[in-house]
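Per TrEMBL, domain 'ABC transmembrane type-2' is recorded for B:57-284. Annotation source TrEMBL lists transmembrane segment at B:59-78, B:98-116, B:149-168, B:174-199, B:211-232, B:259-281.
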Amino acid sequence: MTRDAADEQHDAVTCTGLTYTFGETKAVAGLDLSVGEGEVFGLLGPNGAGKTTAIRCITTLLPVPAGMVHVFGHDTAGDRMAVRRLLGYVPQQLSADAGLTGRENVALFARVFDVPRRERAARVEQALTAVDLTEAAGRLASTYSGGMVRRLELAQALVSAPRLLILDEPTIGLDPIARTGVWEHINAVRAATGMTVLVTTHYMDEADQYCDRVGLMHGGRIRALGTPIQLREGLGERRRAEGGPADAPLPTLEDVFREVAGSGLDDQSGGFRDVRSTRRTANRVG
Amino acid sequence: MSEAPAAPRTVSADRLDPDGINLLLSPPEPRAGWRLLPARVVAMCAVELQKLSHDRTELYTRAVQPALWLLIFGQTFTRIKAIPTPGIPYIDYLAPGIIAQSAMFIAIFYGIQIIWERDAGILNKLLVTPTPRSALITGKAFAAGVKSLIQAVVVIVIAAILGVSLTWNPLKLLGVGAVVILGSAFFSCLSMTIAGIVLSRDRLMGFGQAITMPLFFGSNALYPVSVMPGWLQVVSKVNPLSYEVDALRGLLLGTPAHLALDFGVLAVAAALGIAAASSLLGRLAR
Ligand SMILES: Nc1ncnc2c1ncn2[C@@H]1O[C@H](COP(=O)(O)OP(=O)(O)O)[C@@H](O)[C@H]1O
Ligand SMILES: [Mg+2]
C-alpha cells in the first residue's frame with residue numbers, strides 16, 4: 001500500500017503497534033486499529049483498559065513516535081496541526097467552561113478553529129440547534145445538567161465541521177434518559193454530516209446498539225474486533241461447537257467480553273486512579 | 001434487536017434539518033500563519049472579558065487590598081514623612097506601586113486557573129485545536145494582562161478619589177495600559193511556568209504566596225531604591241516589578257523614569273516567560 005498516493009482513500013484512524021507507558025504502567029501495549037471513514041467505531045473495555053490513553057495519543061495530546069498513529073493519512077507525530085483541524089474531541093471529563101454561557105463556550109471553539117467573524121454567529125447557532133440547546137444557550141453552563149453539558153460539548157466539537165468526532169465515554173455518569181439523548185444527537189449529526197465517529201465506552205449495551213464496529217480492549221490491547229453481531233454470533237458458534245445447547249440464546253457483547261478477557265477481569269481493572277476520575281466525572285455531572 | 005430501548009425518544013434529535021446545519025458541513029479555512037497568534041490572543045482575551053462580565057465579585061474583592069494600602073499605609077506615611085519622596089506626597093509615590101502590585105497578584109495566581117482548567121479538561125480540549133502551545137500561552141498571558149488592566153483601572157480610580165494627582169493624558173494612559181499588560185504577561189507566565197513544574201494546585205498556591213511578598217518588598221513599589229540596603233538594591237535591579245513601577249511612575253506622575261529601558265526589560269521578560277511556560281505546558285497536559 002502506498003501512503004503517499006495523493007488521491008488514495010485513507011482510513012480515518014490507523015494505529016500500528018501503538019504503545020504508551022506512564023512510568024511503570026503500560027497503559028497501551030501494542031494497539032493495532034483502523035477506523036474506516038464514515039463508520040461509528042466503539043472502543044470498549046473496563047476502566048483501566050487504556051481507552052483514554054489511546055484516545056489521547058490519537059488526538060496528539062500525548063507524544064508518540066512517528067509511524068504509530070495516522071489520522072486521515074496524517075502522522076500525529078509530525079503533522080499535528082493538520083490532525084487537529086480534522087478532529088472534534090469530547091474528553092472523558094465534563095469540560096465545558098462553567099463560567100461561560102453555552103453560546104460563549106461554542107463561540108470560543110469557533111474562534112480557535114478560525115471560523116471567520118461574518119460566519120461565526122450563524123455557525124454557533126447551527127451547532128447549538130443540532131444539539132437542541134438554543135433555548136438554554138444564553139445561560140451559564142454551570143446551570144446545565146450533565147446531559148446538557150455533554151450536548152454542549154458536542155456542539156463545541158461540531159462547530160468546526162470535523163471529519164472525525166472522538167468521544168471519550170460520552171455517557172459516563174449520566175442517567176439512562178440523558179444517555180439515550182446524547183446518543184440520539186450523535187447519531188443524528190452523523191447521519192446529517194457523514195462524519196466518522198470514534199467512541200469509547202464501558203457500557204456494552206450502548207456499543208451493541210449504536211456502533212457499526214467495535215474493538216474490545218483489555219490490558220492495553222485489542223482482544224476482539226468486528227461488528228457486534230459478528231462477535232456475538234461467533235461466540236454462539238464456538239459455544240455450540242464445544243457442545244453447548246443448540247437453542248441457547250445469542251450471547252451478549254458482555255459475554256463476548258468475558259470470554260476474550262478471561263479471568264482476572266474483575267480484579268485487574270479499575271485501579272484507584274480510574275475510580276477517582278470516574279467519581280470526579282460523576283460528581284460534576286451531579 | 002429485540003429489547004426495546006427503555007428511555008423515551010426525543011423527537012427533534014431523530015432527524016436534523018439538512019438546511020439547518022449547512023454551515024457545519026464544511027470546515028473553516030485555516031488562517032494564514034502570521035494571523036494565527038493575534039487571533040488566539042483575541043479569543044483568550046474575549047473569554048476573560050466574558051467571564052468577568054458574568055461574575056464581577058473578584059473585581060470587587062480584589063479592590064479591597066489596594067484600597068487599604070493607599071488609604072492606611074499611604075495616608076499615614078504621607079503624614080509622618082518617613083520615606084523620602086522628592087517633590088511629591090508619599091501617597092502619590094505609592095499609587096503606581098500599588099497599581100503594579102495588584103496587577104501582579106492577579107497575574108501570579110493566573111497559573112492556578114490553568115491548573116484548574118487542566119483538571120477540568122478544558123485545557124486538554126484547547127490543546128486539540130489548531131493552536132500551537134506558544135500561541136495558547138501567549139493568549140493566556142494577554143488574557144491575564146487584560147484582567148490586570150481592568151484591576152489597574154479600578155485602583156487608578158481609587159487613587160484619584162484619594163486625591164492622588166495623576167495624568168489624564170490619553171497617550172500616557174495608553175502607555176500605562178501597555179506596561180500593565182506586559183508586566184502581567186510576564187508574571188502570569190512565571191506562575192504558569194511554576195504550574196508546569198509543580199503540577200498541583202496546592203503546591204502552586206504555596207509557591208505563589210512565597211514569591212509575591214519578596215517580589216513586592218524587593219522592588220521600588222513602596223520605597224525608592226536609594227534607601228534600600230545594598231543587597232536589596234541588587235534584588236530590585238533584577239526584579240521586573242521594579243521596571244513596571246518605574247514606568248508607571250514616569251507615565252502617571254511625570255517623575256524621571258527610564259521608559260525605554262523599562263519597556264525593553266518588560267518585553268524581554270514577557271517573551272522569556274512565554275517561552276518557558278510554553279515548553280512546560282506539555283508536562284501539564286500529560
Ligand atoms: N496520567 C497518568 N499517569 C499515570 N498512569 C496513568 C495516567 N493515565 C492513565 N494511567 C494508567 O494507565 C492505565 C490505562 O488508563 P486509561 O487509559 O485511563 O484507561 P481507560 O480509559 O480505559 O479507563 C490505567 O492503569 C491508569 O491507571
Ligand atoms: Mg477512560
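Glycine is treated like the rest: Cβ placed from N, Cα and C.
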- Where among B:98-116, B:174-199, B:211-232 do we find the most Cβ pairs under 8 Å to the transmembrane segment (B:149-168)? B:98-116
- Message: At a C-beta cut-off of under 8 Å, are there same-chain residues at least 6 beyond the transmembrane segment (B:59-78) that contact it? List them, or none.
- Response: 52, 89-91, 94-95, 98-99, 101-102, 105-106, 150-151, 154-155, 158-159, 162, 164, 222
- Sequence-distant contacts of the transmembrane segment (B:174-199), meaning Cβ under 8 Å and at least 6 residues beyond its ends, amount to 99-100, 103-104, 106-112, 114-115, 137, 140-142, 144-149, 152, 156, 207-208, 211, 240-241, 244, 247-248, 251-252, 259, 262-263, 266-267, 269-270, 273-274, 276-277, 279-281, 283-284
